[in-house]
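**Q** My questions will all concern the structure given below.
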């Protein structure tokens, strides 16, 4: 038994924020952001849109793409949860009219889509589910300090979703071997210190007013992360290619997590993949964490750049640290353009 | 100027699309419009194009183009 990709959908919140828009309130410029990150604009949640509502929209589109009205399980990968408790997946399932199906969240930051795909595939492999709706959904800009010029320009909000079904290993869409890894010794390179049990326990009895405001937002050490991202994604990609017995030259599309254009290009360079096989949409959406890879796939599939039969390499890296990769032959599925 | 200087300038020009006239010995990364990630990108390019490996520690001590040329000269000499 193998999990096979059978539906794909994406959704972006309507509010687009350009680099010029950011530079009105931040000491930065379009040129500065573009040359350092490759990003021109990003979408940001507003007017009550959040992780759950983005997930519902993307999930509905993926189910429409798959031509199904029901699934056996809903998994949401997010690092910008609606609330600390409960998980948002049950609510998403309910709002999609899926009743009382199995539903849970999974947290693995920017590698969330790869960890989630492996987990969803595992539900199918183990016989627990025949079909799974898996959604990467993020309203992460709410957790980024919009006064920090190092991190504010990088992130965007959105959701990407897939439907997986039980199938055969040799059919198009079958998820290939996975490689997953982590290095918790470097957890502090990318972290939001406040809000969780560590901070609450340390501050017991003192109240939340004692926590410095910056601790509620993302902290990032860009330089060591860049080195780790390039090394880990490259190694992970090479590992799955070897397991799948695919030479690098056979890869039609490298769909890597859109963290920073320079990271994506550096990984492609290490893999010796020509630029025309490297999928890129970071210029329009920024880094959308767990939504990044499915939004990228949706973008390329919807405009016919990603075609049935093409060989696709997926790879991601993020906080944790954590990383993962897999491969698939692109199936004959329809995807709507994201709004 | 040494041939090593020319080689290093070529790597700067090829990797970052800079005007070779601006890549002078006392230019720092800021002068060239480059950032801290560019240092790592430069180290990768130097490794690929010249076979010279520069460690993170060495990178952190580099401030101007002349420092990189000196380091490459030193390492090139060691290799020979």
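Residue 1 is the first one shown; counting continues down the chain.
Just so you know, glycine gets a Cβ as well, placed from its N, Cα and C.
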**Q** Which one of A:258-262, A:263-267, A:268-272 shows up in TrEMBL as region 'ACP-binding'?
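**A** Of A:258-262, A:263-267, A:268-272, TrEMBL gives region 'ACP-binding' for A:258-262.
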**Q** Quick one: pull the CA-CA distance for residue A:257 (active site) versus residue A:287 (active site), whole Å only.
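**A** Their Cα atoms are separated by 8 Å.
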**Q** Taking DSSP states H, G and I as helix and E and B as strand, how many residues of the domain 'Beta-ketoacyl-[acyl-carrier-protein] synthase III N-terminal' (A:104-184) are helix, strand and coil?
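**A** Secondary-structure composition of the domain 'Beta-ketoacyl-[acyl-carrier-protein] synthase III N-terminal' (A:104-184): 22 helix, 28 strand, 31 coil.
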**Q** I want to check the contact list for residue A:110 (active site): same chain, sequence separation of six or more, C-beta distance under 8 angstroms. What comes out?
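**A** Set apart from residue A:110 (active site) by at least 6 residues yet with Cβ under 8 Å, we have A:79, A:257, A:259, A:287, A:289, A:290, A:292, A:316, A:317, A:318, A:319.
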